[in-house]
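Feature annotations, reproduced from Swiss-Prot:
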BINDING   9-10, 14-17, 46, 113-120  CTP binding site
BINDING   44, 77  substrate binding site
């Protein structure tokens, strides 16, 4: 079985998220999504509209996702690749090069994001330009 993993906050779930998950799942047989915990979001200075359990429930309801695990810190990725016997590590292209250190353990792919949509864009359109 070919295992794929990706990471994210997945707040204000939108079609760009779904498209990324669909494309990631097409790269293997089993998709693991490491979802940022509320505590990790605080460390990253991010505020989510939905809490971890709500975001997890939404991700688990998506047919492309096989397993949702908590992402608790920056250094977790290498451990996850080994623990879950990951074949393909997928991130959005805005992270290009950041995870190349994993290439000796698995294939690393940076996917182009869906144009015209992002959580930040949604928040800014709803709440004004200062929203993040």
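Every residue, even glycine, has its Cβ placed from backbone N, Cα and C.
Note that the structure is a prediction, hence the values are computed from the model and not measured.
Projection of Swiss-Prot feature records onto the structure.
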residue : record                 : DSSP (3 states)
9       : CTP binding site       : coil
14      : CTP binding site       : coil
44      : substrate binding site : coil
77      : substrate binding site : helix
114     : CTP binding site       : coil
120     : CTP binding site       : helix
Lowest local Cβ density among 14, 44, 46, 77, which the record lists as binding-site residues, within 10 Å: 44
Among 16, 116, which are binding-site residues, the residue with the most C-beta atoms within 10 angstroms of its C-beta: 16
Pairwise Cα distance for residue 114 (CTP binding site)/residue 44 (substrate binding site) [Å, integer]: 23
Among 9, 114, 118, 120, the most crowded of the binding-site residues [Cβ within 10 Å]: 9
Spatial separation of residue 16 (CTP binding site) from residue 44 (substrate binding site) - C-alpha basis, Å: 21
Alpha-carbon spacing, residue 77 (substrate binding site) to residue 116 (CTP binding site), which is rounded to whole Å: 28
